[in-house]
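Here is what Swiss-Prot says about this protein:
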- 223-234: intramembrane segment (INTRAMEM)
- 1-66: topological domain 'Cytoplasmic' (TOPO_DOM)
- 89-98: topological domain 'Extracellular' (TOPO_DOM)
- 126-129: topological domain 'Cytoplasmic' (TOPO_DOM)
- 176-188: topological domain 'Cytoplasmic' (TOPO_DOM)
- 213-222: topological domain 'Extracellular' (TOPO_DOM)
- 235-255: topological domain 'Extracellular' (TOPO_DOM)
- 284-442: topological domain 'Cytoplasmic' (TOPO_DOM)
- 67-88: transmembrane segment (TRANSMEM)
- 99-125: transmembrane segment (TRANSMEM)
- 130-153: transmembrane segment (TRANSMEM)
- 157-175: transmembrane segment (TRANSMEM)
- 189-212: transmembrane segment (TRANSMEM)
- 256-283: transmembrane segment (TRANSMEM)
C-alpha cells in the first residue's frame with residue numbers, strides 16, 4: 001500500500017467534530033464549500049532537499065575559496081615552488097635535493113587541481129567567466145598531462161608555467177594588482193602605439209635597403225637585417241657602432257650626411273616619441289584608476305555617514321498592539337492548492353536577463369528615434385514658409401472665434417446664462433483642437 005493511501009486512511013479515522021465552529025464561521029462568511037485536505041507531499045517539491053544541500057555546499061565552498069587562510073596557503077606553496085625552481089638551476093643542488101623538490105612540485109600540483117575542482121563545484125559555468133580561472137585551468141591541465149605525455153614533461157614548459165601561476169598570487173596584493181590591471185587595460189592603446197612604430201620601421205627599412213644596401217650590406221642587406229638594425233636604433237644602444245660603418249676608407253660625405261639624417265629622424269620618431277608614448281599611455285590609465293578609486297572611496301564615506309545619520313534620526317514609531325491587530329486580517333486561510341512553480345534554473349534566469357536587456361535596448365532605441373522625430377518636426381516647423389502658413393491659419397481661426405463671440409445668434413438672448421457660456425466654451429475648445437491638429441500635421 002502506498003504512502004498516499006495510508007495518509008488518507010489516517011485522515012478518515014480522525015475525529016473532526018472540533019471543526020464544527022470553524023465550519024459555521026465559513027458558512028457565516030458565505031463559503032459553503034467544504035475544506036479541501038491536501039497531502040503536504042503533493043505540495044512539496046522533491047528536488048528542494050537536494051537544492052538546499054547543493055546551495056549549502058556551494059556557500060561553504062565559496063567561503064573556503066575566498067578565505068584568507070586558504071589564499072595565504074596557496075601563495076606560500078607557489079612561492080616555495082618558485083624558490084625550488086630557482087634552486088634547481090644549480091645542477092649540484094638539483095641532484096642533491098631532487099626528491100624534496102619533486103615532492104614539493106607534486107604537492108603544489110595537487111593543491112592546484114583541488115582548487116580547480118572546488119571552483120567547478122562552486123559553479124561550473126561561473127568558473128569560465130573569469131579570465132584568471134581559464135589561465136589557471138590551462139596551466140594545471142598542461143602540468144597534469146605531463147604525466148602522460150613525455151613531450152609536455154619538459155623543463156622548458158613546466159617551469160615557466162609554474163612561475164606564471166604567481167601572477168594570480170600578485171593580484172591578492174592591492175598595489176601589485178593595481179599595476180597589473182593598469183597594464184592589462186593599457187594593452188589596446190599599447191598595441192596601437194606598437195603598430196605605429198612598426199609602420200615607421202617598415203618605411204625606414206625600405207628606405208635603408210634602397211639607399212644604403214649596396215654600400216653597407218652588413219646592416220641593410222635585406223628587410224630582415226634592416227629591421228634588426230632599426231630595432232637596435234630604437235633601443236638607443238649600439239646605433240653609434242652602426243653609424244661608424246658608414247665612414248669608409250674613401251670619405252664620402254654624401255653617405256655620412258645621409259646616414260646621419262636617416263638615423264637622426266628615425267631615432268627621434270621611434271625612440272623619443274614612440275617609447276614615450278608607451279609611458280604616457282600607462283601613466284594616464286594609472287591616473288584614471290586612481291581617480292576612480294578616490295571617487296569610490298568618497299562615495300563609500302558619504303554612504304556610511306548618511307546611514308549613521310539615518311540610524312540616529314529615523315526611528316520607527318511605536319504602534320499599539322490593538323492598532324496592529326486591526327490591520328491584520330482574521331479571515332481563515334485556505335490551504336495551498338496545486339503544485340508549486342518549477343524551480344528556477346540558471347538557463348531560465350539567463351534567458352530572463354537577456355529579455356530584460358533586450359527590452360531596455362529597445363526602450364533606448366525608441367527614445368533615440370522619438371528625439372530624432374521631435375528634432376525633425378522642430379526643423380520643419382522652423383522653416384519660414386511653414387511659419388507663415390501657421391500664422392495665417394492661427395489668425396484665421398482666431399478671427400472666426402472672435403466674430404462668433406462678438407456676434408451672438410438671435411436666439412441667444414432667449415437662452416440662459418449657463419447655456420450661453422457652455423456653448424462658447426465648446427466653440428473655443430473646438431478651435432484649439434483644430435489648431436493643435438494643424439500643428440502636428442506640419
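Cβ coordinates are placed from backbone N, Cα and C, and glycine is handled just like the others.
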Problem set entry | Helix, strand and coil counts within the topological domain 'Extracellular' (235-255) (DSSP) | 10 helix, 0 strand, 11 coil
Exercise. The topological domain 'Extracellular' (235-255): mean pLDDT?
Worked result: 77
Seminar exercise, completed: Highest Cβ pair tally under 8 Å against the transmembrane segment (189-212), stretches 67-88, 130-153, 157-175, 256-283, lands on 256-283
Problem set entry | For the transmembrane segment (130-153), sequence-distant contacts whose Cβ falls under 8 Å of one of its Cβ atoms, 6 or more beyond its ends | 109, 112-113, 115-116, 119, 161-162, 164-165, 168, 171
Problem set entry | Distal contacts, the transmembrane segment (67-88) - CB-CB under 8 A, six or more residues away | 94, 97, 100-101, 104-105, 107-108, 111, 115, 159, 162-163, 165-166, 169, 172
Problem set entry | Surrounding residues of the topological domain 'Extracellular' (213-222) on its own chain - C-beta under 8 Å, 6+ positions past either end | 229, 242, 245-246, 248, 255
